């Protein structure tokens, strides 16, 4: 089958023919329709330090997808051939304390689809049926293909009550932009998004941000004054992994504020812990999606009128995958879709 493979321990990705995966007793065989390129895929493409320490070569990459069930193991229940599905890319063990307690997203033995097991950038994917999620008929293939990063946005944004709150989002990557759309949709008051990428900030504005701030040109405090904010932000969503952005967030939080952190900072980050202690801030780390509460929330948000369509800015045939990776790497895109049909 046609697959995108990290075939060499160097920059790049290669379209190759690989064997069709075998289906286990509890697995689904999914024929891929569309996939989306993730920031993780760009790390793997660029072969950075994280990738060199994490990715087995060769491996089929990719974990954002939608497809159709075309086969299943004999023990599978609840699915039928022809079902349209996406799926949770974190494959969990089922036997650790968190898994047995129902906190599956906190499994310490998690494997990643397209990271350390074969991924979705292929004509066919096999995953445990437990990890698959049926896509409602009124949600398009394009939107279904980005459920994985949309789930990161939903998990982060809905970690704390947002109704009537002022929300600061640092980092206008696709996940930060989708988080802004979610926050506004569920009733946040002011949703302010910071970054230094004008293209992405304009996209955030289209997706519902009250105000976008290019912090290389504007002062966040001036924007807060402009919005009539006298007490700081109630909720912070740190999506950038940039230390100076996190420090600025701590500085601008109201007393009793809550921060959800999805962005991954460098190993050593200096933090003024006095801001955390004396303001009584709560900081929560976010990894992936809650299984499967986040998935049901994603479907419900879209069915209740949340419009994510502007975040998908480019679509390429899989044969033009290089254009897709170049576009994603340019910083002048939202989500980039690869069409396998």
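Glycine is no exception: its Cβ is also placed from the backbone N, Cα and C atoms.
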Report the candidate from 175, 277 that shares the NAD(+) site with 195, 200, 262, 263, 264, 286, 287, as recorded in Swiss-Prot.
175
Among 38, 93 - the residue Swiss-Prot places in the same Zn(2+) 1 site as 63, 64:
38
Any idea what DSSP makes of residue 175 (NAD(+) binding site), helix, strand or coil?
helix
Determine the minimum-neighbour residue: among 43, 63, 200, listed as recorded positions, which Cβ has the fewest other Cβ atoms within 10 angstroms?
43
Work through the binding-site residues one by one (64, 264, 286) and name whichever has its CA nearest to the CA of residue 96 (Zn(2+) 2 binding site).
286
Using all protein chains shown, find which of the binding-site residues 64, 195 scores highest when you count other CB atoms within 10 A of its CB.
64
Give the distance between the Cα atoms of residue 40 (active site, charge relay system) and residue 107 (Zn(2+) 2 binding site), rounded to the nearest whole Å.
20
